[in-house]
Amino acid sequence: MAIGVGGCCAVLLAAALLFSSPATTYAYDSLDPNGNITIKWDVMQWTPDGYAAVVTLSNYQQFRHIQPPGWQLGWTWQQKEVIWSMYGAQAIEQGDCSMSKEGSNVPHSCKKHPTVVDLLPGAPIDLQIANCCKAGSLSAFSQDPANSAASFQIIVGHSGNSNETVRVPKNFSLMAPGPGYTCSRAMIVKPSRFLSPDGRRATQVLMTWNVICTYSQFLAQKVPSCCVSLSSFDNDKTVDCPTCSCGCRNEKSTTGKCVKKNAPDLQSIIHGPGRWTWQPLLQCTSHMCPVKINWHLMLKDKEHYRVKITVTNLNYRMNFTEWNLVVQYHPILDITQISGFNYKSIQVGKINDTTMLWGVKPYYDLLMQAGPLGNVQGELIVRKDFRASSTTNNNKGRAFPVRVYFNGDNCVMPPPDAYPVSITA
């Protein structure tokens with residue numbers, strides 16, 4: 001048990017998730033300007049040589065989620081702190097605890113720069129707390145707000161045990177599981193307050209500090225990770241993803257390694273030595289993107305377009321759980337009906353021209369690895385808004401999206417002059 005704070009933490013944690021709200025910060029994405037992951041430390045109780053705290057990671061990004069192998073949270077202690085024990089998460093290294101006194105308990109971690117990960121589902125009950133043990137996954141806030149947060153409890157020693165003697169950690173880092181996030185300094189804020197279930201009593205923690213982490217696709221990777229192709233029922237030509245959208249095929253380089261989909265040794269390569277690594281093994285294409293989205297115009301009449309969207313995974317070593325698309329389209333269009341997808345409109349400023357799509361459970365929410373099952377499909381019926389159309393000077397390519405995001409990453413679009421001619425005429 002957690003030094004007498006297990007029950008207290010469970011109640012306060014539930015209240016924290018209910019009453020917490022997104023913190024405002026500057027982000028990198030114009031479609032989600034306030035998106036961030038907020039890390040909140042709530043000191044619940046002082047201990048003889050430190051404190052017990054509940055740490056909560058809240059994903060306030062509207063359409064970017066974290067999937068297994070999940071988040072990794074790191075920091076640097078400012079004094080000689082140790083982690084006596086943890087619940088709901090674990091430090092990946094114990095470090096050198098040889099300075100522990102004989103006969104005393106050995107700390108969970110003595111690292112100056114600890115890195116913490118979530119526990120897996122099915123972890124022992126006595127190591128769990130509320131909202132833990134999801135293999136590091138954090139759902140996007142718009143897609144599944146109930147699963148957009150994770151928590152763990154940490155018992156810290158050799159740290160001081162008062163507001164005056166505790167030094168907040170520094171140099172926070174968040175991997176998800178790769179790079180891309182930049183974290184702020186820890187800022188001491190007003191202690192979190194919670195209401196009792198009956199709403200008649202308010203309590204507050206002893207001390208709270210926040211860290212805000214924002215994402216940059218540029219920091220995460222040097223090349224894009226998805227691309228868009230366009231096609232139409234009344235044109236035989238498919239406008240494919242631009243060549244080298246996500247890199248160029250080069251069998252002599254590591255980043256350009258790929259395997260042909262009809263290679264006779266395909267299965268042995270997929271299940272070879274690199275099977276358990278997170279290095280991508282892509283199907284050879286002209287664009288070399290791990291994910292391809294095809295926007296196909298199935299039908300058009302005076303008032304509507306009917307569109308089929310196909311999302312194809314071209315990575316043999318990764319599937320995508322809780323994937324999502326964000327589609328920004330021309331203001332003259334209005335989505336009226338959707339099949340196979342859940343959807344939510346995203347208001348960007350005063351213009352409502354962006355929609356978030358994700359797969360309906362349990363049929364389309366998992367995008368399998370490259371192969372016969374490595375795609376998901378859905379259909380849209382889009383109504384033309386003639387009032388907006390009359391004020392729009394350039395309706396060229398209006399049946400096609402302006403921008404497409406996959407799991408929060410901006411996908412490479414074909415150039416406008418390459419759109420199917422019959423639609424742009």
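Cβ coordinates come from backbone N, Cα and C, glycine included.
According to Swiss-Prot, the signal peptide annotation covers 1-27, on the basis of sequence analysis. What Swiss-Prot lists as N-linked glycosylation site is ASN36, ASN163, ASN171, ASN319, ASN352.
A gap of 24 Å separates the Cα atoms of ASN36 (N-linked glycosylation site) and ASN319 (N-linked glycosylation site). When secondary structure is read from DSSP and collapsed to three states, ASN163 (N-linked glycosylation site) falls in the coil class. Note: the Cα of ASN171 (N-linked glycosylation site) and the Cα of ASN163 (N-linked glycosylation site) are spaced 20 Å from each other.
Geometry remark: ASN352 (N-linked glycosylation site) versus ASN163 (N-linked glycosylation site), CA distance 47 Å. Cα to Cα, ASN319 (N-linked glycosylation site) and ASN163 (N-linked glycosylation site) are separated by 46 Å.
Ranking the glycosylation sites ASN36, ASN319 by the number of CB atoms within 10 A of their own CB puts ASN36 at the top. DSSP gives ASN352 (N-linked glycosylation site) a strand state.
The number of other CB atoms found within 10 A of the CB of ASN171 (N-linked glycosylation site), across every protein chain shown, is 13.
Applying an 8 A CB threshold to same-chain residues 6+ apart, the list for ASN163 (N-linked glycosylation site) reads LEU206, MET207.
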